[in-house]
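In what follows, a single structure is set out as structure tokens and then discussed.
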Amino acid sequence: MSEILKYISRTWNIKKLVAILSMFILFLTSGFPLFAQQQRFPKPEFESGYTQPVTSMPEARSDFFAIFDVLVLIVALSLISWLILKKRSRRGVLAVSVFSILYFGFFREGCICSVGSLQNVTLALFQPEYSIPISALAFFVIPLVYTLFFGRTFCAGVCPLGAIQDVLLLRPVTMKRWLQKVLGLIPYIYLGLSVLYAATATDFIICRYDPFVGIYRFDATFFMFAIGAIFLLLSIYVARPYCRFFCPYGVLLNWMSRFSKHHLTITPNKCIQCRLCEDSCPLGAINKPVPVKVMEDRQSATKRFISLSLIIPLLMVLGGWTLSNFHENLAKVNPKVRLANELMSFKPDVMLPSVEIEAFKSAGTPLTELYSQAAIIIEQFYIGAWILGAFLGLVFGLTLSSLSVFKYREDYTPDKGECVSCARCLKYCPVEK
Amino acid sequence: MKNKLTLIFSVVILLLLVALIAGDLFLKKPNLQKNIYEYDLKELRKVDPTLITYRESLNFAINSESVYGVAVDTADQIYVSGNDKLWIFDSQGKLQSSMKVRGDAHALCVSESGNILLGVGNRIDVRRPDGSLNNSFQIKGVRAYISSLAEKNGRVYIADAGQKIVHQYTIEGEKINLIGAKNLEKGIRGFVIPSPYFDLLLGRQGELWVVNPGRHAFEAYNNDGDLISTWERTSMQLDGFGGCCNPSHIAMLSDGSFVTSEKGLERIKIHLPSGDFKSVVAAPNQFDEGTKGLDLAVDSQDRIIVLDPSRKMVRVFELKE
């Protein structure tokens with residue numbers, strides 16, 4: 001935030017840009033929702049004194065505005081990619097970040113976001129009856145495609161979750177690489193769980209624990225607000241804590257970015273090894289040159305590769321077996337399984353039924369039907385837990401191997417997977433085009 | 001150093017966040033199926049002092065291994081039955097007389113005419129005001145167990161906890177009627193009596209009030225055994241009665257309000273004639289834990305006389321000024 005203020009105070013152009021952006025947002029917030037709301041039925045008026053609950057989800061967008069959002073996403077991604085790769089402008093990244101916070105954050109109330117769209121796509125793949133909105137699919141695919149070509153420019157300033165953390169980074173502290181690697185395992189677990197729960201139509205846990213959406217909607221529950229506040233507080237010292245140590249979509253972007261052809265480079269020309277950029281990245285995503293003497297000889301490297309090749313499958317089997325033993329615990333998050341459990345332990349003579357039990361009874365569905373559905377879901381979780389465990393075993397094994405394998409590098413280069421293309425490092429490079 | 005501390009703090013917070021989210025996702029949610037009969041006795045023993053409208057004005061000990069019943073006559077003399085014995089005290093607790101009786105009288109009443117009725121097992125001894133035995137008769141049935149008695153105009157009402165019924169006899173011992181037998185056509189659900197506490201009393205209009213303890217209910221019957229009124233309050237809070245079977249004993253104030261005593265959660269309360277809770281006479285902390293069989297009587301001054309079988313005392317409670 002201080003950087004933004006600094007830039008605003010120094011440069012008239014940015015000031016103008018922010019003003020124009022604010023006017024644009026104001027225009028959108030004043031007129032468009034009225035138009036969109038006309039397409040919905042009015043709420044029923046109850047005479048019994050019943051009051052409508054406040055919904056925590058934003059209203060569905062009309063087709064036109066859904067496509068408009070996709071267009072805005074494409075424009076924003078194109079603009080920020082151009083600003084990063086061609087103009088090499090940190091200011092431009094900041095300006096787009098502010099726009100994203102205002103538009104995708106406060107105006108669009110954080111929904112739909114690419115991070116959460118991962119669950120829509122999973123649900124669509126595993127539950128044929130679910131029809132995925134085209135905008136959700138677009139929000140999932142487009143940033144991945146851009147990342148495949150230009151690196152994580154989406155993370156740099158288009159994602160409202162990343163942007164809000166980025167602008168708050170005031171006093172960054174650096175982390176040891178091993179600690180980053182250990183904490184970096186969390187997003188893989190989160191990704192696995194969110195896919196498992198979306199595939200079984202259990203819950204969209206990414207949305208449930210989205211730390212910033214409550215802030216963007218001004219209606220956070222205390223739990224959501226507490227998580228969001230803690231993340232924002234951490235963002236002052238730790239660069240993008242949610243992006244690096246939680247975001248499941250970031251895992252996919254990380255993979256894509258590793259193959260990106262036109263990724264940001266720290267130097268616009270040949271690196272002169274001045275070391276000025278060495279500590280410039282608050283994410284620790286700059287690979288340092290590796291001296292030749294540190295390189296392993298070919299024989300020991302081959303030996304290591306063979307041993308890792310044996311360990312990784314073992315870790316996968318161990319992970320799968322371990323999690324499969326906990327599949328019933330994982331399944332308890334599912335509402336049907338939970339209801340079946342509740343009903344099995346429910347004693348009508350001494351207990352008051354919960355709202356869920358009352359609703360189930362009033363629906364008239366036979367108990368056996370619920371139990372058989374719950375049994376099917378638990379079976380799905382058994383298979384899902386095996387896959388999730390194997391996936392985590394693979395990730396753990398690959399992380400171990402990445403820590404122990406040395407790669408030869410001559411220059412300072414961004415770690416393509418970890419780098420979010422925030423362009424902070426660019427100003428440290430004295431080399432000109 | 002400062003940076004290192006910040007980093008450690010941040011990592012700890014991050015891990016706490018992970019734990020918080022995982023806990024919310026996986027740990028058992030608070031059980032919404034609240035057990036309505038579940039009670040935390042420690043909490044329920046606490047009574048708001050402002051609800052206690054009586055104070056203990058007098059108490060005196062009974063020199064007996066056990067005490068069973070208490071009653072008051074029209075002159076406010078206090079009668080107490082114990083092991084094979086009956087004691088008579090004046091209203092200030094001064095012993096007036098005592099007499100040996102035939103067995104342990106778990107039920108005791110003194111009628112308006114001055115007759116003293118003692119229920120011993122399945123037998124009723126009717127004694128004259130001077131204590132001499134006037135009559136004695138037995139209730140039929142091997143399971144008969146007399147837990148309470150009342151008499152008016154020569155009619156004796158006998159609460160039989162063993163056979164879960166109220167017998168109506170003449171004072172001479174002739175059977176008249178059975179009251180409270182299950183008859184759904186007449187709206188009588190039958191008595192539920194899981195423990196040997198089954199009390200009754202005669203109301204101001206001569207109606208018979210019987211406790212249906214298993215249902216936490218009061219039922220009023222006329223002379224013919226017809227159900228004329230009923231109310232029940234099931235609650236572990238002060239506004240009702242909880243546990244398997246309460247109240248264990250009752251008495252009536254001059255305004256028609258009921259004085260009730262409970263076991264399990266030892267407390268004495270007053271309920272209005274409608275059944276609604278009015279106030280507390282004595283809170284659980286005024287009794288030994290586990291006290292059962294707090295028999296009650298009310299004198300002409302509306303003093304509440306409580307027989308405390310744990311402390312073997314008669315305890316008199318008066319309205320606070």
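Glycine is treated like the rest: Cβ placed from N, Cα and C.
Owing to the predicted nature of the structure, the values given are computational and were not obtained by experimental measurement.
Quick look at what TrEMBL lists:
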- A:64-85: transmembrane segment (TRANSMEM)
- A:92-117: transmembrane segment (TRANSMEM)
- A:137-161: transmembrane segment (TRANSMEM)
- A:182-200: transmembrane segment (TRANSMEM)
- A:220-239: transmembrane segment (TRANSMEM)
- A:262-291: domain '4Fe-4S ferredoxin-type' (DOMAIN)
- A:305-323: transmembrane segment (TRANSMEM)
- A:381-406: transmembrane segment (TRANSMEM)
- A:410-433: domain '4Fe-4S ferredoxin-type' (DOMAIN)
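Most Cβ pairs under 8 Å with the transmembrane segment (A:64-85) belong to A:137-161, among the candidate stretches A:92-117, A:137-161, A:182-200, A:381-406. Listed by sequence, the residues of this chain that lie at least six past the ends of the transmembrane segment (A:305-323) yet keep a Cβ under 8 A from its Cβ atoms are 330, 385-394, 396-398, 400-401, 404. Taken residue by residue, the domain '4Fe-4S ferredoxin-type' (A:262-291) breaks down under DSSP into 0 helix, 2 strand, 28 coil. Per-class residue totals from DSSP over the domain '4Fe-4S ferredoxin-type' (A:410-433), listed helix then strand then coil: 4 helix, 2 strand, 18 coil. Along the domain '4Fe-4S ferredoxin-type' (A:410-433), the predicted structure has mean pLDDT 89.
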